[in-house]
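Chemist: The transmembrane segment annotation in TrEMBL covers 38-58, 278-305, 326-359, 379-397, 418-439, 445-471, 492-514, 739-763, 784-813, 825-847. The feature domain 'MacB-like periplasmic core' is assigned by TrEMBL to 39-249. What TrEMBL records for 284-394, 744-855 is domain 'ABC3 transporter permease C-terminal'.
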Amino acid sequence: MTAVTETAGEAAATSPVSRLPLPLRFAARELRGGLRGFAVFIVCIALGVGAIAAVGSISRALVDGISEQGQTILGGDVSVSLVHRELPEGELAGLESLGEVSKIATLRAMARRPDGETQTLVELKAVDDAYPLVGELEVSGADTASGALAATDDTHGLLAEAGFAARLGIEVGDAVEIGNGRFTLSGIIEQEPDRLSDGGIGWGPRAIVSHEGLEASGLVQPGSLLRYTYRVLLDGVASDARVAQVAEGLESEFPDAGWRVRTRDNASPRLKESIDRFSMYLVLVGLTALIVGGVGVANAVTAYVERRREGIATLKSLGASRRVVFLTYLSAILILAAGAILIGLAFGAAAPPIAGLFLRDALPVTNYGPFPGELAKAALYGLLTALAFALWPLGIAREIPARALFQGRAQDQGAWPARWLTVLLAAVVLALCGLAILFAADRFLAAIIVGSAAAIFVALRLVAWGIMAGARALPRSGPLAWRMALTAIHRPGAVTPSAVLSLGLGLTLLVAVAQTDGNLTRQLTVSLPDRAPSFFFLDIPRNAAEDLRQTIEEVAPDATVEEVPMLRGRIVSLEGVPVSEIEPHPDAAWVLRGDRGLTYAETPPGNGEIVAGSWWPENYQGEPLVSFAAELAEQLGLEVGDRVEVNVLGRTIEARIANLRKVEWESLSINFVMVFSPNTFAGAPHMVLATASLSDAEERGGAEARLMREVTRDFPTVTMVRVREALNSINDIVRQLAWAIRGASGFTLLAGIVVLGGALAASHRHRIHDAVILKTLGATRGRLLWTYVLEFGLLGLVTAAFATIAGTIAAWAVVTFVMQLDFVVFPWVALAAATGALAVTIGLGLVGTWRVLGQRPGPWLRNE
């Protein structure tokens with residue numbers, strides 16, 4: 001027997017565990033006892049880490065896909081684009097010397113059936129035989145894409161998306177008219193390799209024709225809203241350095257070309273920017289869920305310390321230092337956190353392949369990871385969160401003397417962690433917030449969101465203390481169940497702080513999103529249509545403007561028609577500084593990106609108010625002058641007297657800012673950033689832009705449909721945009737984004753529900769004790785049940801009230817100051833928040849206490 005014992009002792013002494021430091025050996029032994037009580041801990045960490053890892057990995061997969069497929073998305077290595085005009089021979093020859101060139105023209109136009117009964121707005125694209133230089137245009141119903149566009153007699157071929165045929169009610173082989181041209185639908189576009197390079201919102205389905213077909217349509221007129229793009233596939237080895245060198249050479253060799261140069265590494269800048277911003281928001285929401293889960297971590301650690309108080313007291317009594325005790329239980333917590341983090345990382349790593357099943361047809365996802373950088377960031381967030389919420393209860397246990405632990409009075413000692421531990425905890429919290437801001441695409445916005453979440457976190461803690469103080473101060477009158485509920489809310493170890501904090505953050509987010517979404521939807525579906533015109537008419541030839549007005553007045557005599565001349569151009573410099581060297585205010589960046597609509601006028605626009613400077617006199621013939629939108633001028637640092645250079649039709653024009661005017665963009669009437677003096681564009685070819693606002697009676701009487709038929713028949717080259725349909729398209733996108741954001745916010749609420757469930761589970765032992773005592777004194781199960789309903793109902797109502805107020809204030813700030821729209825409170829949001837909070841708190845509370853009500857007093861009292 002002795003030999004066996006000695007052998008076992010020697011084996012134990014030489015085991016891997018025995019060679020670990022003492023705190024780790026104790027921690028390993030602690031964990032051998034099982035993971036009882038740590039389910040919420042593991043779920044909370046795994047949920048938060050998994051959400052952050054999944055969003056980060058999917059975002060990285062999309063961005064990498066755009067980068068890797070940049071040549072395909074752009075349609076070449078380099079592209080140059082111009083508005084209104086084609087490249088002159090000299091500049092075209094410069095491009096052709098670099099490699100193979102493909103010319104593309106894009107514009108919006110009206111397509112209609114030959115009988116004139118049905119028409120639709122389309123995104124028209126004209127291509128040459130070289131298209132596409134990279135990738136493949138996949139079509140169905142035709143043998144080859146190039147053959148499908150060939151002309152037969154006076155009819156040209158046309159390829160279109162399935163939505164085109166559905167809107168017109170036609171099939172492959174049927175005839176369709178665009179402008180003055182007649183086309184045959186030769187096939188359906190299944191995959192367009194360079195579609196993402198266009199960016200923006202497509203107002204209609206894609207249709208592709210040949211350049212000959214575009215010429216036959218009559219849509220190419222001086223001043224038409226037409227963009228020419230030339231893609232270049234470089235000869236030889238086209239390294240990133242060479243592509244960048246070519247782009248810089250084009251800018252320097254042709255400084256006055258008036259074109260926009262893009263390279264394959266920036267093939268779809270708007271899409272990448274949207275992905276970065278949206279993923280940043282979702283990561284911050286995931287971090288919020290992780291922080292909510294941190295409350296569950298704190299609860300689990302506190303309950304763990306409570307369960308292990310005898311073990312802690314024993315270690316201290318046998319001479320273990322406070323350092324050894326602290327490191328022992330911190331090691332155990334970190335081991336569990338590492339396991340939970342691994343679970344979350346596994347989910348995050350699996351997210352891109354799963355998302356790829358749904359995004360493969362829409363976005364260029366080619367690399368599904370895993371992405372170590374994104375996983376490492378999520379793991380770091382999880383580790384810091386576990387530390388931030390575990391250090392405090394462990395620090396308290398470190399300071400409590402052994403006799404207090406043996407007597408079960410650990411929670412009554414009022415101990416605080418050591419000063420150095422408090423400093424460490426503050427450093428961990430600051431690191432968590434700092435990393436969230438550092439890793440964000442927009443650090444300023446991230447700082448606002450992190451600060452708001454921290455403020456709400458502190459406010460919810462204060463609300464919880466306020467509830468407990470109020471319950472303590474209320475007079476003990478009324479029914480017994482009411483008095484018992486008030487006592488349960490403020491007693492030591494009450495679930496009030498955990499319940500308010502865990503539910504409050506998620507509910508606040510959901511209320512803010514719902515109120516913002518409601519206001520934006522209202523603006524798009526109610527407010528704007530009431531003030532917006534019924535139609536926009538684009539590309540009206542100057543000699544046809546009066547005839548179009550007469551047609552509108554014949555169909556809708558009460559309609560209000562507004563007409564202005566329109567050109568397209570882009571800002572080249574501000575005060576002599578090229579736009580490429582300007583870092584604009586984020587809200588004004590769009591003004592310097594690409595080309596803008598320009599106009600000229602003798603008199604000030606009727607829907608604008610001059611706030612600085614003065615308008616030019618009639619028949620003005622001096623230097624070119626421009627009226628600039630006041631808010632945008634302020635964001636760009638412009639004042640009256642400053643100079644702006646614009647490129648129009650390849651010609652650079654410098655104008656002095658004569659005045660600043662307030663523009664009501666939300667009216668959706670004709671508005672321009674810049675309105676020039678008439679002499680600026682003397683002799684320049686241009687089109688006319690018009691709007692028509694029909695009366696309510698005319699809209700109800702079917703005048704819109706009649707007007708569309710008349711205009712597309714008599715003015716086939718004029719493009720009509722029905723404002724209500726455009727708003728519906730935007731509203732659909734907003735609604736989809738809102739659902740995605742709601743889902744992410746709901747994730748935070750889910751974490752809160754898990755935390756609340758854990759808090760109730762942690763209080764299980766105290767509730768059994770109370771129930772046994774009260775049953776011994778004669779309390780019935782019904783009375784106890786009603787007590788719990790009152791307790792959880794009060795917590796749910798107060799939490800819902802705070803979430804409604806805080807979420808509504810946040811939504812008001814976003815809608816008023818960021819979106820600059822009128823804010824309206826939606827009462828149903830408050831009702832939904834209150835109902836949801838009551839259902840969750842009372843439901844979870846009763847589920848957690850049902851077993852408590854069934855406890856028999858005898859066995860419990862004997863064990864005590």
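Along the chain as shown, residues are numbered 1 onward.
Each residue, glycine too, has its Cβ placed from N, Cα and C.
Since we're looking at a predicted model, the values are computed, not measured.
Would you situate these features in the structure and describe their surroundings?
Modeler: In terms of DSSP helix, strand and coil, the domain 'ABC3 transporter permease C-terminal' (284-394) has 94 helix, 0 strand, 17 coil.
Proximity of distant same-chain residues to the transmembrane segment (784-813), defined by a Cβ-Cβ separation under 8 Å and at least 6 residues beyond the stretch ends, is recorded for 452, 456, 459-460, 463, 467, 481-482, 484-485, 488-489, 495-496, 499-500, 503-504, 507-516, 519, 771, 774-775, 823, 825, 829-830, 833-834, 836-842, 844-846, 849, 853.
Sequence-distant contacts of the transmembrane segment (825-847) (same chain, at least 6 residues past either end, Cβ-Cβ under 8 Å): 499, 503, 507, 510-511, 514-515, 518-519, 753, 756-757, 760, 785, 788-789, 791-793, 795-797, 799-801, 803-804, 807-808.
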Chemist: Please work out which recorded stretch in 278-305, 326-359, 379-397 has the most C-beta pairs separated by under 8 angstroms from the transmembrane segment (445-471)?
Modeler: 278-305
Chemist: For the transmembrane segment (326-359), find every same-chain residue at least 6 residues outside the stretch whose CB is under 8 Å from a CB in it, and list them.
Modeler: 22-24, 26-27, 30-31, 35, 38, 41-58, 60-62, 297, 301, 304-305, 308, 312, 315, 320, 365, 368-371, 374-375, 378-379, 382-383, 386-387, 390-391, 394-395, 397-398
Chemist: With Cβ-Cβ distances below 8 Å as the criterion, list the same-chain residues six or more beyond the ends of the transmembrane segment (418-439) that contact it, or say none.
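Modeler: Non-local partners: 283-284, 287, 377, 380-381, 384-385, 387-388, 391-392, 395, 398-399, 446-447, 450, 454.
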